[in-house]
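**Student:** Take a look at this one; I'll ask things after.
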Amino acid sequence: MSTIPKKKLLTGPILQSAVKDSFMKLNPVTLMKNPVMFVVEIGTIVVLMMVLAPGYFHTEDSIGFNITVFLILLVTVLFANFAEALAEGRGKAQADTLKKTKQDISANKLVGGAVKIVSSSDLRKGDIVVISQGELIPGDGEVIEGLASVDESAITGESAPVIKEAGGDFNSVTGGTRVVSDQIKVRITSDPGESFLDRMISLVEGAKRQKTPNEIALNTLLISLTIIFLIVVVTLRPIAAYLNVDLEIPVLIALLVCLIPTTIGGLLSAIGIAGMDRVTQFNVLAMSGKAVEAAGDINTMILDKTGTITFGNRMASEFVPVGNENEAELAGWAAVSSLKDETPEGRSVIELIKKQGHPYQAVLAEEAEIIEFRAETRMSGLDLKDGRKVRKGAVDSMKRWVSSQGGQIPDNLDKRSNEIAGKGGTPLAVAVDDRIFGLIYLKDTVKPGMKERFDELRKMGIKTIMCTGDNPLTAATIAAEAGVDGFIAESTPENKIEVIRREQQEGKLVAMTGDGTNDAPALAQADVGLAMNSGTSAAKEAANMVDLDSDPSKIIEVVAIGKQLLMTRGALTTFSIANDIAKYFAIIPAMFTLAIPEMEVLNVMGLGSPSSAIISALIFNAIIIPLLIPLAMRGVSYKPMSSVKLLRRNIFIYGFGGVLVPFLGIKLIDMLVSIWI
Amino acid sequence: MGIVQIAAVIVILLLLVKPVGTYLYHVFSNEPSRTDRIFGGFERGIFKLSGLKNREGMTWKGYAISFLGTNIVLVAFSYLFLRLQGALPMNPNGTGGMEQSLTFNTVISFMTNTNLQHYSGETGLSYFSQMAVITMMMFTSAASGFSVAVAFVRGITGRDTVGNFFEDFVKSITRIFLPLALLVTLVLVALQVPQTLQPSLHVTTLEGGSQQIAIGPVASLESIKHLGTNGGGFFGANSAHPFENPSPLTNVIEILSMWTLPASLPYMYGLFAKNKRQGWMIFSAMMTLFVLLLGLNYYAETAGNPAINAMGIDASQGSMEGKEVRFGIAQSSLFTAVTTAATTGSVNNMHDTLTPLGSITPLSLMMLNNVFGGKGVGLVNMLMYAILGVFLCGLMVGRTPEFLGRKIEAREMKLIAIAILIHPLIILAPTAAAFLTELGKGSISNPGFHGMTQVLYEFTSSAANNGSGFEGLADNTTFWNVLTGIVMLLGRYVSIIAMLAVAGSMIRKKPVPETIGTFRTDNGLFTGILIGTVLIIGALTFLPVVVLGPVAEYLTLR
């Protein structure tokens, strides 16, 4: 999780607006959405009435106590509101930056061959606009003509421009980004208000935030617990009255508020918003909280080999001489052939030689004629000044080239090249005129750290499946090297859907990444589909998450964030409910001791007096909410491990902690409170 | 010695759990088994007569409707029989028809497997009523509860359907309750429990006075009373009466009769779940809670009444007030714990005269209503707490909660919310209501903390469908008959229907395969979580009233 940029939790303006919002949220109509806190607010109002009209309620004697209870209750609601406002505030700040991007842009709309300048808000789906160097792209669309580099930093935060061109998988552009070179023609694909930027703003603002299924279920439980304790408290008064134990209404309200799950009730929506926010901070845009939750439940992850597991470009990893040639000479000529080769493969040859320390004659390349790689010849190299021709290329092409000049093909060339292919590599033959020196072993390299990550995933119970267009042999080699659990060789997009369906049939939840239009159906079928921002708009439309950095391996972190969100919710729920034990032990003896002095024995915490006990429990109940805000926002710490270990650890911290902490907390607060009472 | 007696009974129970649980599984798995040869023909006859040739699996709604419908029909007949018993045959003692509100209460009481008795069997019922209403309902209510539990287990363990109510109902009776009842009856008769249709005996005492000694078909009722965790005694004194429970040996037989079936159900559940450990974990949680509460009662009763001890009276026997000398503290204490845990409600000692701390045991066991529990309901309730525990703690492994591979979502939580709400509601609300009216307050024989406990006990017993009385409450009035009747109805049917709906909802879900990342429900850690959930959600709710009742009484007595 270290890759997540640590942003400051609190900044001045966010804090200020959160404080303001926590008062705004006192409005009972909005608070109704949070039934637990709503009950607290009703209690607050009842106590307030007793403070304001003590004569009517005959509460003149306990006015000081009632004022204290009222204030603590009010603060409890405010704290809960503050937690939610704070979580929302971070999203709002981000949305504000985005809104600045979404200014009104003037667009060059093509109308019947002529360019007409219109406002971006007048653009509709299907309109065609021309954007030149330095101009902002007026809306989401697809490049239909031209190639341009586009600065997308407004959305992705990544300053290096990306290339967008007509056709293929890199044709989608986003409104609000800037063309930094060349000119493109774009067909607009979204109406105003529905653009990617609009959606992004509403997502980070949390304006359209819907409760996730698990939140709804948890809320149901919290509401029923609230009702149960309401029953307990309401029935307690007549029962106690029969025993001549007179229970004051504010005391009963205090008991109620302490028992209902205010801690989790106050933090629940903050946890959800913060979880979404963590995904956003990570530059992944989740279309719904449901998707983040589903990420935590993933059983199977389908990963593309190229770009996700491996770097994608093949790198030279070894020189294999053939016939009677030696490695040093082979390396020397390989270097010469690659000196002017700017492809990643070519550069990797030079790097390998430098690493191995072989000498080579760089002078030879000077003034030599460069032979570019062509699809027909499948080779590249140099024609030297002295007339020698240096080439490297696909083995069979090179064999033909050498034979045509009357050269001999070394006996073991085929054998060696097959060995390389068998290991999943690509052999490149190196020749000078009619003499073949040997092979360059090009290898698709697994990104560093992938094996460890797959191990972690395995520990979490997640199966990884690698998809690749390679032949089964190559696929198996890479799969073994990367340590994935399974692979599909020569896979097509249809294969992916099949695999997803098959896994889903077994009840598993599947995550996958993709960027091309032909990935779209699979992205839609998957429970978590992460599309690359560089991908086509069809892919982005179908997915439920978009990675703004276009780094497919981030899906692994997204799963971790999903799990962390669920764990945070579970940990705070357990903590909140476990708190009740101590609160009972604080309040119950206090309530009854006046009428039944023998109850003092139950005051196991040795709290100062009945009123100080009740007030201390209430204060603890209120203060624990802001104390847990950082945890709710940051999430509980998470290391991949088996569920049994994870549970044991979390039960220990949040379950037992939840039982013990309030005993200590209430006792400490009581010692302070007792000074005044 | 007392502890040895208790331990011996627990060991026998432990030995019985596996064979009985396996037998129950074979009865309800509906796969061919050896028992078919014994019972198959008889059952086919019954199915043929009742037109149930194809006993297809039902939806949960179909199951619930069949269950309710059957119960309603039985209630209707029983109501008529009791009201008209004076004119019906087999009435040698000439007992008249039963009063309206008492009939209402009695019929509900027996149909809901509560067996709260506001009448006295010797004088209030004809032999016909004892057999056609009381004994019949003891079989059918137990079979109904058993069937529901099996349906629930089928649902959450992902069988094709929740099963066929009528088939389960018939099989419960033919393969479980009838043969066992026959066996236990014969053993009890051998141990001197009366079984006759003769009228009450008229005897002349030594002083020359005349005495009526009630007898009747006691043994047959006694056996099903315990096997079906019913609890309604033939005599008002219930199992404390020497004809119902003549010796320590019959006492142990009765304890095991009511305890073995509920205690074997978790094992049966483990077999249904194809993971016996699942069953044992549930069993361990039940046993742990049971031993804790039994220990409290045994300790309190052995220690005796502090007020009496303070008077210098010999307390070496413990608090024997209201207990039978032939049972002593250990056998009374164990009976009290088992009868309230298994929600039987028979008593072999007066619960009203338990020491204050000792009375917390029966109260708590009924408030929890999931420590073994009666005829299936206990298992269903415990599994509900298991689902709740999974829901609360399952998130902590970073996955949305799953129980036996099925996701627990909003729908299940709503239904479970109903079930966990109804129990405290129907205990606390009527208790409070009773104290608000003269009708309720007037019946209390022993004002103060103890009187509060009397009322609380009455409703707790009704809500948990236990039926034992704290007694000491003048409860045969319209107020009590109607109010406890309603509580019994709600206590039985609301949660059963909610839990059947949970089963129906779980059965439709596609199971998620278990991986190393799955929350495990078959290890000791989960047993701990389960006990914690039961205590925090189930028990803390009742802490204030328990503190005001027994705890306050104890503290003021010292």
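Heads up, the Cβ atoms here are built off N, Cα and C, so glycines get one too.
Curation plays no part in TrEMBL annotations; they are all automatic predictions.
Quick paste from TrEMBL:
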type     : residues  : note
TRANSMEM : B:6-28    : transmembrane segment
TRANSMEM : B:62-82   : transmembrane segment
TRANSMEM : B:127-153 : transmembrane segment
TRANSMEM : B:173-193 : transmembrane segment
TRANSMEM : B:252-272 : transmembrane segment
TRANSMEM : B:279-300 : transmembrane segment
TRANSMEM : B:376-395 : transmembrane segment
TRANSMEM : B:415-436 : transmembrane segment
TRANSMEM : B:479-503 : transmembrane segment
TRANSMEM : B:524-548 : transmembrane segment
**Student:** Under an 8 Å Cβ to Cβ limit, what residues of the same chain, 6 or more beyond the ends of the transmembrane segment (B:252-272), are close to it?
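**Tutor:** Same-chain contacts beyond the ends: 9, 12-13, 16-18, 20-22, 24-25, 28-29, 146, 149-150, 153-154, 157, 159, 176, 180, 184, 187-188, 191, 222-223, 226-227, 229, 231, 239, 245, 278-280, 282-283, 286, 331, 334-335, 338-339, 341-342, 344, 346, 348, 372-376, 378-379, 382-383.
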**Student:** Using a cut-off of under 8 Å between C-beta atoms, tell me which stretch among B:173-193, B:415-436, B:479-503 contacts the transmembrane segment (B:62-82) the most.
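**Tutor:** Looking only at B:173-193, B:415-436, B:479-503, the most contacts with the transmembrane segment (B:62-82) come from B:479-503.
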**Student:** For the transmembrane segment (B:479-503), find every same-chain residue at least 6 residues outside the stretch whose CB is under 8 Å from a CB in it, and list them.
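**Tutor:** Same-chain contacts beyond the flanks: 60, 63-64, 67-68, 101-102, 104-105, 108-109, 112-114, 116, 118, 145, 148, 151-152, 154-156, 162, 377, 380-381, 384, 387, 412, 415-416, 418-419, 422-423, 426-427, 430, 433-434, 437, 439-440, 443, 458-459, 462-465, 473.
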**Student:** By a Cβ-Cβ criterion of under 8 Å, what residues six or more beyond either terminus of the transmembrane segment (B:524-548) are in contact with it?
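**Tutor:** Counting only partners 6 or more residues beyond its ends, the transmembrane segment (B:524-548) has Cβ contacts under 8 Å with 281-282, 284-285, 288-289, 360, 363-364, 367-368, 370, 382, 385-386, 388-389, 392-393, 420, 424, 427-428, 431, 449, 452, 456.
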**Student:** Same chain only, please: residues at least 6 beyond the ends of the transmembrane segment (B:376-395) with a C-beta under 8 Å from a C-beta of the stretch. Say none if there are none.
**Tutor:** 113, 145-150, 152-153, 156, 262, 265-266, 269, 282, 285-286, 341-343, 369-370, 401-403, 408, 412-413, 416, 419-420, 465, 492, 495-496, 499, 502, 519, 521, 526, 529-530, 532-534, 537-538
**Student:** Return yes if the transmembrane segment (B:173-193) and the transmembrane segment (B:279-300) have at least 3 CB pairs under 8 Å (sequence gap of 6 or more), otherwise no.
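**Tutor:** Not in contact, no.
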**Student:** I need to check the long-range neighbours of the transmembrane segment (B:127-153): which residues 6 or more away from its ends have a CB within less than 8 Å of a CB in the stretch?
**Tutor:** 28, 60, 63, 67, 70-71, 74, 78, 81-82, 85, 88-92, 95, 107, 110-113, 115, 121, 162-163, 165, 168-170, 172-173, 176-178, 181, 197, 216-217, 220-221, 224-225, 227-230, 232, 234, 261, 265, 268-269, 272-273, 374-377, 379-380, 383, 496, 499-500, 502-503
